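Copied over from TrEMBL:
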type: SIGNAL; residues: 1-23; note: signal peptide
type: DOMAIN; residues: 70-109; note: domain 'EGF-like'
type: DOMAIN; residues: 122-161; note: domain 'EGF-like'
type: DOMAIN; residues: 260-440; note: domain 'GAIN-B'
type: TRANSMEM; residues: 445-469; note: transmembrane segment
type: DOMAIN; residues: 446-692; note: domain 'G-protein coupled receptors family 2 profile 2'
type: TRANSMEM; residues: 481-499; note: transmembrane segment
type: TRANSMEM; residues: 505-529; note: transmembrane segment
type: TRANSMEM; residues: 555-576; note: transmembrane segment
type: TRANSMEM; residues: 596-620; note: transmembrane segment
type: TRANSMEM; residues: 640-662; note: transmembrane segment
type: TRANSMEM; residues: 668-691; note: transmembrane segment
Amino acid sequence: MRNRYLGLLPGLLVLLLLPLGPAAQNSTACARWCPPNSSCVDGTSCRCLPGFSSSSGSEIFTSLLESCDDINECGPPLTVSCGQSADCKNTEGSYYCMCIPGYALVSGAPTFRNESENMCQDVDECSSGQHRCHSSTVCSNTVGSYTCRCRRGWLPKPGFQDKRVTTVCEEIFATWTAPPGIKSQRLSHFFKRLQDLSENFSPASVQNTIQDLIQEVGDLLETPRDLETLPRSEQHFVATNLLFGLEDVLRGLSKSLPNGPLTFSSPTGPALSLEVQDQGDRNITLIQNQTKMMLTWDTVHESGDSGPVVVGLISTPGMGKLLAEAPLVLDTEKQAVLHEAHKDLLQEIHPILLSDVISAFISNKNTQNLSSPVTFVFQHSVIPGPRQEVFCVFWEHGQNGNGHWATKGCRTVGTRDNSTTCQCTHLSAFAVLMVHYEVQEEDPALAVITYVGLGLSLLCLLLVALTFLLCKAIQNTSTSLHLQLSICLFLAHLLFLTAIDRTQIKVLCAIVAGALHYLYLAAFTWMLLEGLHLFLTARNLTVVNYSGVNRFMKWLMFPVGYGVPAVIVAISAATRPNLYGTPTRCWLHSEKGFKWGFLGPVCAIFSVNLALFLMTLWILKSKLSSLNSDMSTLQNTRMLTFKATAQLFILGCTWCLGILQVGPAAHVMAYLFTIINSLQGVFIFLVYCLLSQQVREQWRKWFKGSKKTKAESEKYMLSSGDMSDACRRSGEI
């Protein structure tokens, strides 16, 4: 059934299409084959839309192979006209007109259709802010465009041209304004003349401008007028402004100079030497007013800027008037050196200016840390005396606009009669200053006492050491302590006497200072062990048995006596090795409290020894009454107490006199300190040998033994002579 209905469908479709007829076919025929961008004309032909043309050029076409392509009204050939200051822009099937860059329609519309609608006029990019000029240039409007020209006193940087949209300039006549807050008609007149030079400046007259500038500065310094009545602080303020302002202006103006050396001078004093180079491989030397500056080409050209480089040296002799009584700020190292070399330095220091004030500059402004130092040689008429110190200084700009002399980054290479050589790792305004110090001369009497006293001490300490080393009968723990103390003091005094002032070789001086540090600490450590031995002996008096004390001291004394000082010196040397040795003595530097590496242990040992001494006296007071049966032990203990007491005051209290060398009694304390400390060896010989019964008996035995030996030797010699005479006579018979 269903198959039968399906067979009727084709016939039904034919019946539905028959009513459409031919008319329907004619109305839709062109839509099937007309190309894009075209319209149907009739059933057999097509026409391209406006703005398009057929590939055959025919307006109406019947071929299925035709296509409609866009017509470029803007040409070539040009089929439309947009008028002046406008461009034609083609689009798909159309076009539009627009003003060229630098112009715009009065109506503000972006486009228009033809020349009759052209109302394009020039746009002022400078006033409208549409320009892209660099901040170093000034915008100038032109018809349809604009240019960027350098500001007055500026020039195009190397690689750029003036009056271009891309122009970049650099300042030639730097801005230099008067220091604020300074009321001076003379200074106002100077800056008025300076403003005239800046306004009239042109690169072609740069040499004349520099000459006029040097002349104006010279006139100002020669006749300062009311500047001399200003307070010193304001004068220093003005000098800072003049030094750094002049340097900046000359640095800029010099870039317009031709290559080669140039010199400018003024009858009033200031003078300028310049060297302009494109490239070089040699050292540069400039000389101005008896001042020489030497630096390498790499130092000048390290900034990497293209174009010629400039090196300048300007001398301003009259600047010293404004810099009178200027403060001097020393760096930390120089302060420490002066503290050691000149302990009686005056509180008020007024440096004397020996040389002219010179300013050194190069084309690169960043000169605070040069790769290699710049050398200056200053000539001066004054020859420094023995109590006068010479410094290479520079004028440092303060935060408040003021300034001061400083030494940081500069060092004095040497001074010979009337010349001083300096080296600095930066550039600024430089000079040579001389500072006068009231230095207390060494008392020759103290020097004689020191040498004579130490000589006697060395002899006595040698006798003490030989006595306790060679006398086997009296050797025990106590004499071992005496022996080590004597050896340490002997070596310390010998080294002090022969090498304390050997400061020429810094390494050797540091070694001497370290050895003295160790030997004196070792002497005090052995003194501590003496006190400890006395305390332990007194505590064991009731037992009358010293074997335990002796074993303990033998085990303890050598590691402590020589080990503890070694540890202290090793720590000091490891932390600050540069503080061993001073400019005048091979001893510990006072900087950063380094001397407390010696004074600290000494004070601690003295305090402990004092406490042990007091406890020993207390023990003896309470226990000596029970020793009536053993008077020898009592006598020995009393003798030991006397020795320890004497030693405590000889090696301990005498050093306190050094601390008391202040005030009116300083001179007297210096004599007491020198006499007592230089005779330490004599006191030890007196206490340990002359006042010791055992040592005297041993010496008596030595003396008797040597006399007996001498008598026997003489007897032997006589008997030998008699025998030889008898033999000779028998031989003659």
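Cβ coordinates are placed from backbone N, Cα and C, and glycine is handled just like the others.
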With DSSP, how much of the domain 'EGF-like' (70-109) is helix, how much strand and how much coil, in residues?
0 helix, 16 strand, 24 coil
With a Cβ cut-off under 8 Å, give me the same-chain residues at least six positions beyond the ends of the transmembrane segment (445-469) that come close to it.
475, 479-480, 482-483, 486-487, 489-490, 493-494, 496-497, 670-671, 674-675, 677-682, 684-686, 688-689, 695, 698-699
What are the helix, strand and coil residue counts for the domain 'EGF-like' (122-161) according to DSSP?
4 helix, 16 strand, 20 coil
Outside the transmembrane segment (481-499), at least 6 residues beyond either end, the same-chain residues with a Cβ under 8 Å of its Cβ set are 451, 454-455, 457-458, 461-462, 464-465, 468-469, 512, 515-516, 519-520, 522-523, 526-527, 529-530, 533, 553, 557, 561, 586, 680-681, 684, 688
Long-range neighbours of the domain 'EGF-like' (122-161), counting only residues six or more past its ends (CB under 8 A)
85, 100-104, 167-174, 198-199, 201, 203, 252, 255-256, 305-307
Which bits of the chain, at least 6 residues beyond where the transmembrane segment (555-576) starts or stops, bring a Cβ under 8 A of a Cβ in it?
477, 480-481, 484, 514, 517-518, 521-522, 525-526, 529, 592, 594, 597, 601
Taking only the residues in the domain 'EGF-like' (122-161), give me the average pLDDT of this model.
85
